[in-house]
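Structure record follows, encoded as structure tokens.
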């Protein structure tokens, strides 16, 4: 089965823009001049028509306006800013950097996690194929990163911590930057407010005034659908399970999948609220004949990378984690309900592809039951009477 993005289902979603003189949306990719190479890459990706967030966001970015776009997860936001950044860099001849060992970035994309940085980098590289625009991700051993940066870099994808490290090493400069994209902007704005601006300024990179300018110009706010709500494209199933019975209930679910021939063919993320439980649950699953792996903050980056590769390849089709961006899975299980329904739960739901399913375990000790019921009602889901 294909659990890709059903963009046709987004056609009836309400789109709202807040600001004056907003450039009108487009209906096709050809209506906006993204450049021959980018358009060819769009066709290679088999994108037929832009979803709402791209139809509205690309003309705004093309006009050089600042934009904050809010849309459901897996709605095409990443492609929207990647298309705009790559085509913008292609249109302008920028001077050669004055110091070859310093990467004078033209665009910076900040993401909250290294895993998400790698996903964005992979997407951006597809869109930048044969455009002459070079995309680099700040990831892996530092010596390898520095060698990548010594070659001409146009777009850098990084987490805030990695960016600060490269700035302190004086190996990247923001003096020539023209585009800044913040994925998960609420998290990134918190970081920017705590950024050691004085350190950046004394190293000749970005002054306090520069950062102030980035965030206090007139911004067009674009809202696609209800901001903060989950999608009604996903079947949300909630099951009443006592805490002591969760493992046996999970085993019943896995055996049912196995009987239907789904186990091993579909990837199953299993989300917990506490990382301490991840290792024991992983071990328990493996001992009961269900290959699983786990990712959490106590494991090394190498261990996390290996676990993610093993999961995506299907060698261990169950992944135990507190939360991770794994798009287009058919089904996921909330073994524990997250503390923040409006953020964490909705984000998990959004990572499931079209015609997907979410199963959540809850009991009488679940303090988030009311918030979960409200979220389900907004997404036109059936709320259990036990709530």
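Every residue gets a Cβ built from N, Cα and C, even glycine.
Nobody curates TrEMBL annotations by hand; they come from automatic prediction.
Under the heading motif 'Q motif', TrEMBL lists 27-55. Residue counts for the motif 'Q motif' (27-55) under DSSP, helix first, then strand, then coil, are 16 helix, 0 strand, 13 coil.
The domain 'DEAD-box RNA helicase Q' annotation in TrEMBL covers 27-55. Listed as Cβ neighbours of the domain 'DEAD-box RNA helicase Q' (27-55) (distance under 8 Å, sequence separation of 6 or more from its ends, same chain) are residues 5, 7, 10-11, 13, 15, 62, 69, 71, 75-77, 79-80, 83, 86-87, 90-91, 126-132, 222, 224.
Annotation comment: TrEMBL describes 58-191 as domain 'Helicase ATP-binding'.
Taken from TrEMBL, the feature domain 'Helicase C-terminal' applies to 249-387.
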Q | Taken over the motif 'Q motif' (27-55), the model's mean pLDDT | A | 93
